[in-house]
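Novice: Quick one: the structure is below, questions incoming.
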Amino acid sequence: MIIVTGGAGFIGSNIVKALNDIGYTDILVVDNLKDGTKFVNLVDLNIADYMDKEDFQVQIMSGEEFGEVEAVFHEGACSSTTEWDGKYMMDNNYQYSKELLHYCLEREIPFLYASSAATYGGRTSDFIESREYEKPLNVYGYSKFLFDEYVRQILPEANSQITGFRYFNVYGPREGHKGSMASVAFHLNTQLNNGESPKLFEGSENFKRDFIYVGDVAAVNLWFWQNGVSGIFNCGTGRAESFQAVADAALAFHKKGSIEYIPFPEKLKGRYQAFTQADLTNLRAAGYDKPFKTVAEGVAEYMAWLNRDA
């Protein structure tokens, strides 16, 4: 069995799909379906069982077994960068992750987990997986950073795989439930389909992010599991492309519309990553040599998926 926490969420459900694509269906999805709309992410996938996150946590804490577990992909977390309830964030992202990590270590189960580029904070260069480059801007980033620091202490003594991935700006299928936290590509598509002018912040040609297609993220996860490589790795393309490039790709697909530029919100000033670009030195040194989709390629594929029933 393979366990995917957050398996009904964005990245988790794409990992389930990638596992299905290589013939795995003995998958336990752990999630919180209080937001019932997330079920759509699993509707076309094959899994063996579903468990609520709180029930799962109780079983982990009591040391109950789940049979023979080949790997745990831990994608379950609060991923809202605008959530400021620190207690909730630390319980959900830090404490729960520690409990699950120790459960896996005791049983020598490979543990692959979601970290985040939010650990780097507001820097504009040197996105390198090392303490001196890390300074998160929000409590979400801090919760991810703190768990990475915890993992760093344990890695030298670990007898089984521990791998963390610092996801950069992920976009693609199965993110519709995320609301305001969904990618710019998702929102632009919605606006275009509603007959509205797609909106970007003023200066969007200067806001550059490392946009990575979710299919590439899932491929990275599976490769590291299949190759047993431990460590903390950036998971981006190594390229910074502008929000304008995302919009251009969306407009090219829809063949209509023009961008409406809106003022940058006061509440995001100083708390907004204006630039991200993954340093892939460690990822490539670990042996991962597959290419990553450009924004033009990935957004075109995503638009086709979003509009497949249109």
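Note that Cβ sites are derived from N, Cα and C of the backbone, with glycine treated the same way.
Just so it is clear, the model here is predicted, and its values are computed rather than measured.
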Novice: If I go by Swiss-Prot, which of S160, S180 binds substrate at the same site as N169, H187, F201, E202, G203, S204, R209, Y272?
Specialist: S180
Novice: Using a 10 Å radius around each Cβ and all protein chains in view, which of these binding-site residues has the most neighbours: K38, K144, H187?
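Specialist: The residue with the most neighbouring Cβ atoms within 10 Å is K144.
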Novice: My understanding is the cutoff is Cβ-Cβ under 8 Å with a sequence separation of 6 or more in the same chain; which residues meet that for K178 (active site, proton acceptor)?
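Specialist: Counting only residues 6 or more apart in sequence, the Cβ neighbours of K178 (active site, proton acceptor) under 8 Å are F10, S79, F186.
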Novice: Near N169 (substrate binding site), which residues of its chain come within a Cβ-Cβ distance under 8 Å, counting only those 6 or more away in sequence?
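Specialist: Sequence-distant Cβ neighbours: A117, S183, R209, D210, F211, I212, G236, T276.
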Novice: Counting only other Cβ atoms and using a 10 Å cut-off, which of the recorded positions F10, Y140, Y272 scores lowest?
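Specialist: Looking at the recorded positions F10, Y140, Y272, the Cβ with the fewest others within 10 Å is that of Y272.
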Novice: At the Cα level, what's the spacing in Å between D31 (NADP(+) binding site) and E202 (substrate binding site), rounded?
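Specialist: Cα of D31 (NADP(+) binding site) to Cα of E202 (substrate binding site) measures 37 Å after rounding.
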Novice: For the binding-site residues listed here (D31, E75, E202), tell me which residue's CB has the most neighbouring CB atoms inside 10 Å.
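Specialist: Counting every other Cβ within 10 Å of each candidate, the maximum falls on E75.
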Novice: Can you tell me how far the Cα of S204 (substrate binding site) sits from the Cα of Y140 (active site, proton acceptor), in Å?
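Specialist: So the Cα of Y140 (active site, proton acceptor) lies 24 Å away from that of S204 (substrate binding site).
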